[in-house]
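Listed features, source Swiss-Prot:
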type: LIPID; residues: G2; note: N-myristoyl glycine
type: BINDING; residues: 24-31, 67-71, 126-129; note: GTP binding site
Amino acid sequence: MGLIMAKLFQSWWIGKKYKIIVVGLDNAGKTTILYNYVTKDQVETKPTIGSNVEEVSYRNLDFVIWDIGGQESLRKSWSTYYVQTDVVIVVIDSSDTTRIPIMKEQLHNMLQHEDLARAHILVLANKQDLPGAMNPAEVSTQLGLQTLRGARKWQINGCCAVKGEGLPEALEWIANNL
């Protein structure tokens, strides 16, 4: 009984830490997005081997954000991060149209996992500043996001991670939907 009361007190008084995982194919901009939230500035990144984790506070909410490596050899391990996830941020390189079908398959397989049944989905159509980048509506169609309607809360936003454009709106959507 004491443990239950301690947990209730901690979540009410101290506040819950919401778990967010950031997934996407390699070179989509996941790490750039994570560190933009942490430093509010552009940082130089290198391919993530395994994961990066940081805590970010926004509007009196505390997020633990896991940036998970997107190389093909690492994608099978994504499911080890799903437990108790509140939000999944899916980062898409909107300028790399040839790899959208790969991410579509990854996304739809991922969403069948029982640990993500209650997780909200935020798709960030990154690299909107690059020539030939698909807009968010085109990315949504290519990923088949319309099939998610009614099943769970989801949103797609355009962004440019290196400039920080669209990232505050993404956090705002998360904060408003938790």
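Heads up, residue numbers simply count up from 1 along the chain you see.
Just so you know, glycine gets a Cβ as well, placed from its N, Cα and C.
A sphere of 10 angstroms centred on the C-beta of I68 (GTP binding site) encloses 21 other C-beta atoms. In terms of local Cβ density within 10 Å, K30 ranks first among the binding-site residues G24, K30, Q71, Q128.
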